[in-house]
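Per TrEMBL, the features are as follows:
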- 53-304: domain 'G-protein coupled receptors family 1 profile' (DOMAIN)
- 38-61: transmembrane segment (TRANSMEM)
- 73-99: transmembrane segment (TRANSMEM)
- 111-132: transmembrane segment (TRANSMEM)
- 153-175: transmembrane segment (TRANSMEM)
- 209-233: transmembrane segment (TRANSMEM)
- 254-277: transmembrane segment (TRANSMEM)
- 283-303: transmembrane segment (TRANSMEM)
Amino acid sequence: MSAQYSFSPQFMLLSNITQFSPMFYLSSFPGLEAIKHWIFIPFFFMYMVAISGNCFILIIIKTNPRLHTPMYYLLSLLALTDLGLSVSTLPTTMGIFWFNSHSIYFGACQIQMFCIHSFSFMESSVLLIMSFDRFVAICHPLRYSVIVTGQRMVRAGLIVIFRGPVATIPIVLLLKAFPYCGSVVLFHSFCLHQEVIQLACTDTTFNNLYGLMVVVFTVMLDLVLIALSYGFILHTVAALASPEEQRRAFQTCTAHLCAVLVFFVPMVGLSLVHRFGKHAPPAIHLLMANVYLFVPPMLNPIIYSIKTKEIRRAIIKFLGLIKVSSEF
């Protein structure tokens, strides 16, 4: 596969590295090196929107007492996971664009893939808890304040924080025990477990099975439970008397539903490509991985700013205060 592309002499020095090698080579955009500076523009834009947008959401929620409610605490947690996901890929991606730095030490690669997969699992957990919050708000509105309490929010937050890292640690640590020989080139600007494990020249059945189980019992289970939540929500909304009530009720879920689709569709697509599309063109793997990691953190603050009335009002008020302060 790598014969289709022309790599730098630095990659050629890495071509026969074994288990004693401390480095991998991040190729990032195979075959597109000539237009790499043009590719930099959309990536830089996505980083700017993702980091500034999620920071802005956090500032808005923190400075507006009216938004200190369970729903917006969950939105803050979503913004934090999106920030973590963006920052996890930032050093190597921008290092390639700005400094043409393609090499990464194995330890740094482990840390990066740990952060990427942990924040991905955390985001899946946050979206699941947000779906439960919307389910209670629509299906049991009179009991919402009793069911969704501060203590339960703290417990849910702890689950979100610890579930991803705990599930990720074993497969990341086990990579250290494998020998790596032949071509140690990665076709992205960051490290993913699905790709690194394919470079090991030994039996990796346990890692593959464990990774599949983690995905099934975290991400896929979360997706099934979210779908069940929306099944109950749709049943409740359909039972409302007037179309106007139905529209208002379902409108409270549109931002979360968009966030679910933006996150899970690329993630499922990337998992399918890595599991069953080993002979697919590298461009497909590259596109799916970049969409999965860069698009959700960029779109989520935009979605919630547009679809959530309270956030829109808070943003308008915040911008108004900035304008008034600048006049003085």
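Keep in mind that glycine also has a Cβ here, set from the backbone N, Cα and C atoms.
When Cβ-Cβ distances below 8 Å are used as the criterion, the transmembrane segment (73-99) is approached by residues 26, 28, 36-37, 40, 43-44, 47, 50-51, 54-55, 57-58, 61-62, 112, 115-116, 118-120, 122-123, 126-127, 129-130, 133, 153, 157, 160, 189-191, 259, 293-294, 296-297, 300-301, 304 of the same chain, each at least six residues removed from its ends. Comparison of 38-61, 111-132, 283-303 by number of C-beta pairs under 8 angstroms to the transmembrane segment (254-277) places 283-303 first. Taken as a whole, the domain 'G-protein coupled receptors family 1 profile' (53-304) shows an average pLDDT of 87 in this prediction. By the count of Cβ pairs under 8 Å, the stretch nearest in packing to the transmembrane segment (38-61) among 111-132, 209-233, 283-303 is 283-303. Counting only same-chain residues 6+ beyond the ends of the transmembrane segment (111-132), those with a CB under 8 A from a CB of the stretch are 71, 74-75, 77-78, 81-82, 84-85, 88-89, 91-92, 104, 156, 159-161, 163-165, 167-169, 172, 190-193, 196, 214, 218-219, 222-223, 225-226, 229-230, 256, 259-260, 263-264, 267, 293, 296.
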